[in-house]
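Novice: Dropping a structure here in structure tokens format, bear with me for questions.
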Amino acid sequence: MKKHGVLNSEIAAVLASLGHTDTIVIADCGLPIPDGVKRIDLAVEIGKPSFLDVLQVVADDMAIEKVTLAEEVINNNAEIKKEIELKLIEPVFEYVCHEQFKEHTKKAKAIIRTGEATPYANVILHAGVIF
């Protein structure tokens, strides 16, 4: 049994398989998940698990080079934006419109669905390298 890091076997497998620039998405419970993209559904009820809890665990176990957010988060969920920036201080941040964000999710290796129910609580994490 693992002692630390991501314990969810599906998430751990996806993280282990990522190459440089591959992407994964951590999403609120409302983001549409495109056909053909691996869905890892953690949502058990509204708010559980939270977006920020899942982001923290994944970020602790992943080399992240870049972060993509919907620009709408700036005016519609400033608290989540602030918390993301506090948790992810090293990567480059990119902002795109929500429709473009949803297009980008089609290329993700996986989308991790949380129970989060606040607007635009979604992030695309671009894998970096550990060397």
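Quick reminder: no glycine exception, Cβ is built from N, Cα and C everywhere.
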Novice: Determine which of HIS4, HIS98 appears in Swiss-Prot for the same substrate site as ASP28, TYR120, ALA121, ASN122.
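Specialist: Substrate site check in Swiss-Prot: besides ASP28, TYR120, ALA121, ASN122, the record includes HIS98 out of HIS4, HIS98.
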Novice: Fewest neighbouring Cβ atoms within 10 Å: which of the recorded positions HIS20, HIS98?
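Specialist: Checked HIS20, HIS98; of these recorded positions, fewest Cβ neighbours within 10 Å: HIS20.
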Novice: Near HIS20 (active site, proton donor), meaning Cα within 10 Å, which of ASP28, HIS98, TYR120, ALA121, ASN122 (binding-site residues)?
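Specialist: Of ASP28, HIS98, TYR120, ALA121, ASN122, within range: none.
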Novice: Compute the mean position of the Cβ atoms of ASP28, HIS98, TYR120, ALA121, ASN122, which form the recorded substrate site, and then list in sequence order the other residues of that chain whose Cβ is within 8 Å of it.
Specialist: ALA27, GLY30, LEU31, ALA70, GLU72, VAL73, ASN77, ILE80, PHE101, THR118, PRO119
